[in-house]
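Student: Attaching a single structure in structure tokens format; questions to follow.
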Amino acid sequence: NLQEINREGSLCYIENVAEWQQTYYASDSGIQSGATTVLDDESSTEYSGCKKYIGSTTTAPLQVIHYSLTRAQRVRAAMFPETLVEGEEAMPVQSDPSQQSNVQRLAEPSQLLKTAIVHLINYQDDAELATRAVPELTKLLADEDPIVVNKAAMIVNQLTRKEASRRVLVQSPAMVGAVVRAMTMAVDIETARCTASVLHSLSHQKEGLLAIFKSGGIPALVRMLSSPVESILFYAITTLHNLLLHQEGAKMAVRLADGLQRIVPLLKKSNPKFLAITTDCLQLLSYGNQESKLIILANGGPGGLVFITRNYNYEKLLWTTSRVLKVLSVCPSNKPAIVEAGGMQALGQHLTGSSQRLIQNCLWTLRNLSDAATKQDGLDGLLQILVAQLGSDDVNMLTCATGILSNLTCNNSRNKTLVTQYGGVEALIHAVLRAGEKEDVAEPAVCALRHLTSRHQDSELAQNAVRLHYGIPAVVKLLGQPHYWPVVKATVGLIRNLALCPANQAPLREAGAIPRLVNLLLKAHQDTQRHASSAQQTYQDGVRMEEIVEGCTGALHILARDPMNRGEIASMQTIPLFVQLLYSYVENVKRVSAGVLCELALDKQSAELIDAEGASAPLMELLHSNNEGIATYAAAVLFRISEDKSSDYRKRVSVELTHSLFKHDPAAWEMVRRDAGMTPTKEDTAK
Amino acid sequence: MNREEAPGKSPEDMYVQQKVRVLLMLKKMGSNLTPSEEAFLRNYAGVVHSQMSQLPQHNIDQGAEDVVMAFSRSEAEDRRQ
């Protein structure tokens, strides 16, 4: 009967319980064996008056009750005479057989109950017996005498072992409610354990789950999570787990009962099977529920989950834990906490095992976390594994590996150097080639290559490695149609970095980079002009065309360092466009266009064209830029186009340049102007 | 010819000082110089020497900064196994 509940997704707790028993139970509670010996509760010594009574009730005659005993004592005496303490001995009642005393009338239901027990003990399955016993047991569970409650609980527990009787129990909301209340009010551990066990048994069926839910079982079970008794904890968490899995409304009820605040601390327990159920509960409660995720965070969830990931080997537990971490990893508040707790390193431990589902979950989680982990130390091992995973044919694995590597190499020179040393460049090129049109692989792979080719001690090595591993044609090809703009943007940036290496200039030219870049630039610029009047920024695939303008011009700037490339760029009638870009409101665009003109102006013919396009005016303005790079390029272009100009012109350039150099030091500027014999202007006095 | 480069001297000196700085900055940023520009720097080696220490230490033009990709925008669909 317990087996029938092993539905898809639920953990096989039968085996768990068996193993649990071996670890924790001193005696057979009857869960596995179905034995009917639960009536003897030698496992508990917490209260007195509890003795074995197997066999003793089968022959005990009807007890006559002493008038001075309390109702509880009388009931106890009727049912379990052997538990009477000294002074409570039964005494015969003188009576007319035809007229029953009140006590005798009261005693009759107890007698029925006793008969029921007798039959149960004798292995008699009878739903009818259970039906007759249920109302009485319900009353007894609410009795003032804890011993009576305890006995009643044990009987009910016994009844749950048999399918027929269990069905009867489940159909009585009053009974289930009484069990819940008895569990909540229990003053002794045994009663608490017994009643928790009853609920646990009932939770294997739909009707049972509903009955528990309707009887306020969830808040009661949540309270039991604070019990110091392991077996009670086990029953409570497992019952809650079943409710969360199969009972509609249970998640909300658990949350409302502050269940998360009670469950998260259980992560400190050390039984792997218990932890597997606990973590699965957390996953069920937090998936898609932001508030739950924040509560888990507030109660130290990330630290507890990372600890488990780092220290356990039980696959099922690692898997359920990874699922919680995956759910939390999309929460902006949990993310940094997981990373700070060492989550990246811990998850990275499980990428080379045999469990595919665990590896995949760890990878997705790492990918989600990666943008918060750019400053983490100790990721050497992880980086090495990820580079190796770039050789995989599994698109999920490739998506994750490229994504994580892209983020971990972002602004982190140490990681960049490590990945380069681990052969990351070659592996990324192969990933790009295999990605085809899968943007989720291509974009991060190209970004990672872009990161590796600049701003670290081995960037030159990486720039050369791209060429040596035949990466240049593949990279340039990414600029072709159809345009997925994030990939185009990343590729343009990579090409710029590749061009920093003189040995790459010719291969880039030969692969046709220049015409592709120029055409992209023209297309993007036209787009920005089309929307300029509407003062609206256009996004395509989430990328602004201004970014493409900046990126292409920046790449052409570096490519123009090579004389042949310079000639090819100028021959495509790009100079008018570059001059126009000097007027851009985007500072970076101003910088790269001044930069490319600076390189082109090295050729006399181009310098004349630049001058003819009226570049002097905007360049004079740019001399005053706060950006020293812009001012430098502008000055250089002006120097170069003024080589053959009159001395007056050159003096004017000089004055403008001086003006910009001394604009923060008016006194010095005044001295220079006096020396040069210049009169002050309104503009100057305002400064 | 070595010249004094104290600011506030003649406009000609200012011009030399500025041009030397611009050319040194260009070199620092990885750009090429014309043959006459290289000759200019050789001519004013003294000014070059004094300007070198005044150049900014950081790299001026390294291109666009690295930017992270935000993958956790939406929760990956969960399949219970």
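Quick reminder: no glycine exception, Cβ is built from N, Cα and C everywhere.
Taken from TrEMBL, the feature repeat 'ARM' applies to A:132-174, A:216-258, A:258-300, A:381-423, A:423-465, A:470-513, A:573-615, A:614-647.
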Student: Helix, strand, coil: count each for the residues of the repeat 'ARM' (A:216-258), based on DSSP.
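Tutor: DSSP classes over the repeat 'ARM' (A:216-258) add up to 32 helix, 0 strand, 11 coil.
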Student: Looking only at the repeat 'ARM' (A:381-423), how are its residues distributed among DSSP helix, strand and coil?
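Tutor: Split by secondary structure, the repeat 'ARM' (A:381-423) comes out as 32 helix, 0 strand, 11 coil.
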Student: Using DSSP, how many residues in the repeat 'ARM' (A:573-615) fall into helix, strand and coil?
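Tutor: Split into helix, strand and coil, the repeat 'ARM' (A:573-615) gives 30 helix, 0 strand, 13 coil.
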